[in-house]
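Here the structure comes first, spelled out in structure tokens, and everything after it is commentary.
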Amino acid sequence: MVSPDDSPEIRDRPRPRRCLLPASVTVEPVIFLSMFALALQGPLATQYLWDRLSADIGFNGTRTVGCAMNGSKSAGPEQQEVETLTAHWSLYINLGGFLVGLFSVMLLGPWSDKVGRRPVLMLPCIGLALQAAVYLLVMYQELHVGYFLIGRFISGISGDFNMILAGCFAYIADVSDRQSRTFRVAVLEACLGIAGMVASIIGGHWRKAQGYINPFWLVFAVNLFTALYVYFCVEESVKDKKPARLFTHRHYQSFFRLFTVQGENNRRRKLFLYSLALLVVVTVHMGAKNLFVLYELSYPLCWDSDLIGYGSAAEHLTYLSSLAGLRLFQLCLADSWVAEMGFISNISGLVVISLASTTPIMFTGYGLRFFAMATTPVIRSKLSKMVEEGEQGALFSSVACVEGLSFLLATGLFNSLYPATLHFMKGFPFLLGALLLLIPAGIIGLIEVCEQKPMYSQFSEIS
């Protein structure tokens, strides 16, 4: 039975905007607010783990104790134990969210191709709000940090932040044409950077002034507000909605069909190669990002909350500078070569950071990475252009799974490697990340060169 509102005449009528925003503004506030909450929560959660685990083992250290040991080459054994415990608990907590979220995203993405994008944008916002509520409960009751896993489990069931990313990028793919898609995707990623920069600056000062509780209340409120924004202000982008069951194996089939059905122009091979490139890029990005705070907290940098906030702001500023650079270089270069320039920027910055022993050198490394985030919009856009309109949700859910797997690899590899290499080179994980980035740089360059060869052969035949 079809309700009156679902009749073709009513469904095709233009619907008025439900909020006072320009028509060109769609899901940008969703990704901005969600990233703001995540960027505010992330460094504070790491610092809370440090403080709680320090108290549990009786380390009254403050991190400046290890920094003031007569210029000693390394921190004391207690501080190294705290670093190791913090890195390991970060691994356990992130692992819990990934394992649950992997199956949720594989269901929700293809489901959104049928029922629309709005439900899969609201659900993870609510899940992230509940996660913040669990974190608040742990802090109020001073429970063991292992209870953070409950919050990550709840967030994972609802799709987590990766589902918000997938939903927003699929939405932009729905409403943009092929020519403007790369830049529209880059705008979304710039929203990630601006939100992260603002949250990082606020978070450091706020924690220093009032502790952890009040910032996490803001995280809770922002996630709830984002869900309300989606409900009242985001118009549906899927043109032909139809009812569909959520829990069915067909969604998994749609997911895997992308990589098993051979399309035109070696589509399957290119999807696999671009996904592999994205896997490595995001693994290095997440792995380095997870360690930045821990690297800055400990000897020899020994940053306080203010400097950590400025460092995180500098890291997120790369999203904005990469957007400007992408727009500029697109005027004279193909997207693939713009991505190659992003790799050069990222690799050089990570090498400098791996050797940083003073604050100016650390910020120099951040500065060299000014164009580092130009690679991911190019890869997302190329992936989106390879599939049909009705496959965007399945595609970006696969991208979300790749990013979730990247997060798992990043936390497993980098968080385990960091304590294992403390005794000979603290910055070794960043150096390893720079080397790993040579793999996607080679993949993207090779595909671009191979795609140009037929064009040259056609010219030679004509001549």
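Quick reminder: no glycine exception, Cβ is built from N, Cα and C everywhere.
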Q. Is Ser24 annotated in Swiss-Prot on the same side of the membrane as Asn162?
A. yes
Q: From Asn60, Asn346, name the one Swiss-Prot lists as N-linked glycosylation site.
A: Asn60
Q: Quick one: among the recorded positions Asp160, Glu189, His285, Cys302, which has the most Cβ atoms sitting within 10 Å of its own Cβ?
A: Asp160
Q: Output the single range from 336-355, 360-380, 393-418 maximising the number of Cβ pairs under 8 Å to the transmembrane segment (271-293).
A: 393-418
Q | Per Cβ pairs under 8 Å, the stretch of 336-355, 360-380, 393-418 packing most closely against the transmembrane segment (427-445) | A | 336-355
Q.
Give the nonlocal contacts of the transmembrane segment (213-231) in its own chain as ranges (CB under 8 Å, at least six residues past its ends).
A. 19, 29-30, 33-34, 36-37, 40-41, 44, 118, 121-122, 125-126, 128-129, 132-133, 135-136, 139-140, 202-203, 206-207
Q.
Out of 87-112, 145-158, 182-207, 360-380, what stretch is closest in contact terms to the transmembrane segment (307-329), meaning most Cβ pairs under 8 angstroms?
A. 182-207
Q | Integer Å distance between the CA atoms belonging to Cys302 (disulfide bond) and Asp160 (H(+) binding site) | A | 32
Q. What kind of secondary structure is Asp160 (H(+) binding site) part of, going by DSSP in three states?
A. helix
